[in-house]
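Encoded as structure tokens, the structure appears first; notes follow it.
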Amino acid sequence: MVQSSVLGFPRMGVLRDLKKANEAYWADKISQEALLAEGKRLRLAHWKIQKDAGVDIIPSNDFAHYDHVLDHIQLFNAVPERYTSQKLSPLDEYFAMGRGHQKGGVDVPALEMVKWFDSNYHYVKPTLQDNQTFSLAKDPKPVREFLEAKEAGFQTRPVLVGPVSFLALGKADRGSSVDPITLLDKLVPVYVELLKQLKAAGAESVQIDEPVLVFDLRPEVKAAFKPAYEAIAAAGDAVPKVIVATYFGDIVHNFDVLPAFSGAAGLHVDLVRNPEQLEPVLKQLGPNQILSAGVVDGRNIWKNDFAKSLEILQTAVKALGPERVIVATSSSLIHTPHTLASEKKLPSDVYEWFSFAVEKVKEVATLAKAVTEPDAVKAELEANAAAIKARTDSKRTNDPAVKERQAQVTPEQHNRKAPFNTRYAEQKKHLSLPLFPTTTIGSFPQTSEIRVQRNKFTKGEISAEEYERFIEKEIELAVKIQDELDLDVYVHGEPERNDMVQYFGERLNGYVFTTHAWVQSYGSRCVRPPIIVGDISRPAPMTVKESKYAASISKKPMKGMLTGPVTCLRWSFPRVDVHQSVQCQQLALALRDEVVDLEKNGIYVIQVDEPALREGLPLRKGQEREAYLKWAVDSFKLATAGVENSTQIHSHFCYSEFQDFFHAIAALDADVLSIENSKSDAKLLKVFIDEEYPRHIGPGVYDIHSPRVPTLEEFKQRIEEMLAYLKPEQLWINPDCGLKTRKWDEVKGALSHMVEAAKYFREKYANKA
């Protein structure tokens with residue numbers, strides 16, 4: 001009998017229940033006991049959903065109040081001393097690592113948070129010391145939650161981040177030089193101890209995630225798998241059966257590692273991302289090993305094509321037999337919304353095209369039955385085929401005018417009118433910017449009042465005129481505060497925008513939108529990605545009205561804010577019937593029209609954000625990566641090259657590790673790059689010197705994900721570090737990212753220190769001159 005399994009389930013709940021509970025706890029509105037009770041309620045509800053759907057293997061320990069990697073940092077007592085020394089409760093220590101802590105006499109920043117592979121989910125990076133030790137936490141979370149499920153009548157399979165991936169995804173702390181992978185011998189015994197406790201609790205099997213197997217691995221990392229998994233196998237029946245899980249790519253290039261897993265019960269592979277790896281993987285399995293076939297997409301929202309999935313599954317069953325095949329999601333479903341049932345406003349003709357987490361769980365169970373008992377699910381198979389055909393035949397997907405415009409794009413449209421030196425001379429004269437210019441990345445706090453008024457407007461409780469006047473008042477407030485702070489380049493604050501991608505999607509043809517399809521990005525931060533269903537075009541200006549008004553009341557240059565074509569694509573749920581390069585070019589053409597219209601209306605600094613550019617980078621070097629960078633860079637340039645030399649183009653990136661593809665960053669030809677950098681080593685900026693980068697750079701000087709307000713001295717120290725790698729005339733001073741999630745008192749405190757630090761260096765270098 002073919003079994004079914006889910007690698008992980010979304011944590012937030014139907015109505016972002018976990019987000020609301022976490023934030024209530026942080027605001028001292030509910031107790032720790034109430035928060036933990038809400039977590040338990042959600043876990044029980046999610047296990048029941050999967051059991052009721054008929055899933056055979058249900059995950060536990062996939063739930064996290066903030067992040068699953070952060071869970072493991074605390075699980076293995078790998079918490080840096082700057083947190084343990086504060087004597088916080090375990091829960092507050094946990095949140096302090098995730099978001100910082102600045103109250104009750106305790107002041108500690110958060111750990112670094114980075115993207116989880118090529119997704120929009122963020123994980124907290126294990127941060128390790130030269131003298132690092134590991135030990136198992138008392139009352140280990142995986143054991144506790146397994147027993148919680150067992151008591152409620154759910155037999156689950158605990159999920160762990162594997163020892164090699166945990167270390168390979170970590171880093172040395174500042175002041176330490178340890179290569180994390182060299183700590184394996186210290187960490188593996190703790191894993192074995194944890195596995196023994198899980199077996200004693202009644203766990204029959206565990207899922208150990210080793211997603212780094214999709215990377216090109218350093219020899220030291222490759223070599224680590226053998227001793228790690230030999231030690232686990234040596235524990236024999238004292239530990240549960242192990243399923244090693246990989247996802248987000250193929251593992252064929254790392255087949256030389258697979259002998260390390262000879263003692264494992266099976267292997268999970270992602271057959272959505274790389275179905276072609278099936279045949280070679282089948283040949284690599286041991287004589288009794290199980291294949292967990294990831295055929296239900298954990299990263300997108302399209303209904304599974306049962307006919308295609310069954311072809312893959314039947315190939316596996318023919319080679320292994322039904323007892324050695326598990327039908328599974330390709331990855332955890334954390335990257336998908338909770339349930340399609342919550343969507344009451346989707347157009348009726350597209351509703352049946354989609355499948356969210358609850359529906360994907362049912363798909364997994366249906367496919368498992370369909371492999372050997374197709375007649376038992378005949379109605380489901382026929383309904384699925386009809387939905388797939390309806391989408392294929394739909395007129396929504398094709399717009400001849402868009403295709404015609406794409407066919408007319410020329411190479412010249414991708415290039416600015418002059419090189420940077422010529423442009424900058426005109427910009428300097430036009431904008432009158434000082435040395436070390438200060439700015440922000442775009443958004444200001446989305447207060448409860450903004451959300452209330454937006455909700456009223458959406459429900460028709462206030463008129464368009466009333467809402468527009470409210471937005472103008474919020475813009476006036478943002479400009480007034482920037483006047484008081486004495487920033488050099490202003491933003492309008494984006495009070496009218498619900499999300500940096502959804503806002504634009506709502507104003508473009510080719511998208512549809514949801515009301516409750518929230519997906520966790522980090523911690524309590526959720527996004528609601530729009531869905532691309534057809535060819536994309538811009539029927540009217542999208543941001544001109546607000547930017548023009550802001551400029552009319554500002555005494556400093558006003559920056560227009562747009563989300564770039566790659567990020568609009570990556571942070572939407574894209575089509576699967578058209579290559580992403582085609583969709584990205586369509587977005588670029590729409591944004592090109594917007595950029596030109598902003599300039600025509602007096603906006604001469606325009607920021608086109610591309611925080612997802614690196615996220616979209618194929619995980620392995622090679623032809624696929626270079627092809628991606630070519631169309632991604634071309635799309636950005638097509639969107640931004642239509643302006644005059646005197647208009648300054650900015651772009652923003654949520655990372656600072658450019659080494660692997662710096663040539664593409666340079667090729668963007670943006671006048672100013674701002675990058676998330678406050679939690680990274682300033683040495684990473686050395687690449688700008690090594691590559692003789694001529695344009696301007698704004699490395700983030702403070703972490704916007706944390707409510708903590710850095711001191712003036714911290715700002716000065718950070719800028720001093722940056723000046724070791726950047727020329728003074730290159731350096732802009734700005735936060736890491738937008739300030740949407742922060743409160744006004746946090747923003748004013750941090751920005752006042754930031755501006756004061758910039759003025760200090762401005763005066764210092766003016767005296768040198």
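Think of each number as a place in line: the chain as shown, counted from 1.
Quick reminder: no glycine exception, Cβ is built from N, Cα and C everywhere.
Per TrEMBL, the features are:
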| type | residues | note |
| --- | --- | --- |
| DOMAIN | 4-318 | domain 'Cobalamin-independent methionine synthase MetE N-terminal' |
| COMPBIAS | 390-406 | compositional bias 'Basic and acidic residues' |
| DOMAIN | 436-759 | domain 'Cobalamin-independent methionine synthase MetE C-terminal/archaeal' |
| BINDING | ILE441, GLY442, SER443, ASP609 | L-homocysteine binding site |
| BINDING | ILE441, GLY442, SER443, GLU494, ASP609 | L-methionine binding site |
| BINDING | HIS652, CYS654, HIS663, GLU676, CYS737 | Zn(2+) binding site |
| ACT_SITE | HIS705 | active site, proton donor |
Spatial neighbours of ASP609 (L-homocysteine binding site) among the binding-site residues GLU494, HIS652, HIS663, GLU676 [C-alpha, 10 Å]: HIS652
Neighbour tally for ASP609 (L-homocysteine binding site), based on other Cβ positions within 10 Å of its Cβ: 25
Composition by DSSP (helix, strand, coil) of residues within the compositional bias 'Basic and acidic residues' (390-406): 14 helix, 0 strand, 3 coil
Cβ atoms near CYS737 (Zn(2+) binding site) (within 10 Å, other residues, all chains): 24
Closest of ILE441, GLY442, GLU494, HIS705 to HIS652 (Zn(2+) binding site), Cα positions, recorded positions only: ILE441
Cβ within 8 Å of the mean position of the Cβ atoms of ILE441, GLY442, SER443, ASP609: remaining residues of the chain near L-homocysteine: THR440, VAL491, GLU494, MET500, MET561, GLN607, HIS652, CYS737, GLY738
Among HIS652, HIS663, HIS705, the one of these recorded positions whose Cβ has the fewest neighbouring Cβ atoms within 10 Å: HIS663
GLU676 (Zn(2+) binding site) and ILE441 (L-homocysteine binding site), distance between Cα atoms, whole Å: 10
Number of Cβ atoms other than its own within 10 Å, given for GLU494 (L-methionine binding site): 26
CYS654 (Zn(2+) binding site) to the residue listed as 'active site, proton donor' - Cα separation in whole Å: 12
10 Å Cα neighbourhood of HIS705 (active site, proton donor): matching binding-site residues from GLY442, GLU494, HIS663: none
Alpha-carbon spacing, GLU494 (L-methionine binding site) to SER443 (L-homocysteine binding site), which is rounded to whole Å: 5
